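Taken from Swiss-Prot as is:
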ACT_SITE  96  active site, schiff-base intermediate with DXP
BINDING   157, 184, 185, 206, 207  1-deoxy-D-xylulose 5-phosphate binding site
């Protein structure tokens, strides 16, 4: 089980609802992923009438927990306003907080992120902040009251996998009581397994699934990879070594194999 604030879930895969070729493929992908939490964009919901209504109806039929986000927001004021609108629309205090600094890299504005998180937490929100892998930023978010931290593995949609493994491992080591979710930059099931092997609590995926040739199949693949990676972490992974170590004991080796 993984805990997000006061709620527990069986699946460690969170999934986004954007970029799918069709609504039916989105539904199939969410189902096959086993995800219990789906992120949705307020901008999509308010963009226009019937399209938004149909989309929301499809999400509701899946019986999942909705995590609205502030995707596309580029200022503290915009992010806070969007979060408040999302709380009214979706009737939840959860918000995936994004404050973007650069249009090309979609890198988080970490200064604005901490400021927005502080404002929202004081207003009763339970914040899921999308941030870089910088420990000092993560610590400031924790100090502000965030119980969940969502660092990127690489830039959004890049499919590069974990770029700074050491920094992510440091986050896990230094924030043992915080729920850590790798968010953005993963492209293959093996990337997700690696994140879980580092001890992260969950993974959020969207582009890697939605843009796959067969999204629903890819969703199932990520599900299995995340389960395998977590199980490996819980089993206690053997650390790397600089030299070979025989798996067969040398005791009892025949004399003719002995080194003179």
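Using N, Cα and C of the backbone, Cβ positions are placed for all residues, glycine too.
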Surrounding CB atoms that lie within 10 Å of the CB of residue 184 (1-deoxy-D-xylulose 5-phosphate binding site), all protein chains: 23
Non-site residues, in chain order, whose CB comes within 8 A of the mean position of the CB atoms of 157, 184, 185, 206, 207 at 1-deoxy-D-xylulose 5-phosphate: 155, 156, 158, 159, 186, 205, 208
Rounded inter-Cα distance in Å - residue 206 (1-deoxy-D-xylulose 5-phosphate binding site), residue 96 (active site, schiff-base intermediate with DXP): 14
Cβ neighbour count (within 10 Å, all chains shown) around residue 207 (1-deoxy-D-xylulose 5-phosphate binding site): 18
Cβ-Cβ neighbours of residue 185 (1-deoxy-D-xylulose 5-phosphate binding site) (radius 10 Å): 21
Chain-internal residues, separated by at least six, CB under 8 A from residue 157 (1-deoxy-D-xylulose 5-phosphate binding site): 106, 184, 185, 207
Lowest local Cβ density (other Cβ within 10 Å) among recorded positions: 96, 206: 206
Secondary-structure category, per DSSP, in which residue 206 (1-deoxy-D-xylulose 5-phosphate binding site) falls: coil
Taking residues 157, 184, 185, 206, 207, which bind 1-deoxy-D-xylulose 5-phosphate in the record, the widest Cα spacing (Å, whole number): 10
